[in-house]
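Enquirer: For reference, the structure I am asking about is given below.
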Amino acid sequence: MTDLKQSYSVRLNDGHFMPVLGFGTYAPDHTPKSQAAEATKVAIDVGFRHIDSAYLYQNEEEVGQAIWEKIADGTVKREDIFYTTKLWATFLRPELVRPALESSLKKLGLDYVDLFIIHVPFAMKAGEELLPKNASGEIILETVDLCDTWEALEKCKDAGLTKSIGVSNFNHKLLELILNKPGLKYKPTCNQVECHPYLNQSKLLEFCKSKDIVLVAYSALGSQRDPQWVDPDSPYLLEEPVLKSIAKKHSCSPGQVALRYQLQRGVVVLAKSFSQKRIKENFQVQVEQSHSRVSHGHWSGLSPLHGKMQHVSFIPVLLSTMC
């Protein structure tokens, strides 16, 4: 670990730096977009410099506005912010990649993003519809060579529209597909995946480390309860007795334990909350990380939780349509 403007960061394989603690901006459809803007401003005020969003979230105008307000009031400069956006499944055709990024940049009011990643490793029918479906309500998929998509991302990097490029929701076989691509110019800098004690991704983490690819954890708090994707009877990660026990011993919250667990494994972690209190609490983990570490013995108590469930996300649901 090293730092970027004195913040805690990890060096990517292309030489750029990514803050190890990021602020996630996804929210369910029923959440007003204005809340994303307000939460992003709070996050920047408390110290977050890594902001994660995506075309799919449909809130980049609001998040961009929040960033610019914090630049205007002198809280940060553009170069202090590490901003990630994602290429959605309906834009994986190579000729659609750059226009998709340019569309995000226009909404954000930015000249470049710091990281541009492939959101999911499969393509849907091209167009403006987020989840194109047929008359039977099934997702309409199409065949696109991910290696061709990756070449288009490389061109975006060369054009200065993004500093770094990466992937999301890739397993090790899909990562190898890119890594073994003839004429590969840039390796993926990172792989953003669902990762928490219920789904610890230990094998994928080991593989990524061996290839100098940073693993980025989303849903790290296991707190997304959107009934569209999650069984309402599923367990609550932050209610697990072992997390509560560790939290009590270290005078912190179960959420802070879940975040610190990732940081001590060398995983970059995204913390998502629109609560001002929790945003501050989540960021405190980065500050405390440099002063005290939870012992290995405590983390071993989390091992039995692995496999309890894949907690969240539309990814398993969409992948099931391909079977």
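Placed from the backbone N, Cα and C atoms, the Cβ positions cover glycine too.
Sharing the features that TrEMBL gives for it:
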- 21-286: domain 'NADP-dependent oxidoreductase' (DOMAIN)
- TYR57: active site, proton donor (ACT_SITE)
- LYS86: site 'Lowers pKa of active site Tyr' (SITE)
- HIS119: substrate binding site (BINDING)
Enquirer: Enumerate same-chain residues with a sequence separation of six or more from the residue listed as 'active site, proton donor' and a Cβ-Cβ distance below 8 A; give 'none' if the list is empty.
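Expert: Same-chain residues close to the residue listed as 'active site, proton donor' (Cβ under 8 Å, separated by 6 or more) are THR25, TYR26, ALA27, ALA36.
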Enquirer: If you measure HIS119 (substrate binding site) to LYS86 (site 'Lowers pKa of active site Tyr') at Cα, how many Å is it?
Expert: 5
Enquirer: Counting other Cβ atoms within 10 Å of each residue's Cβ, which of the recorded positions LYS86, HIS119 comes out lowest?
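Expert: So among LYS86, HIS119, the recorded positions given, the one with the fewest Cβ atoms within 10 Å is HIS119.
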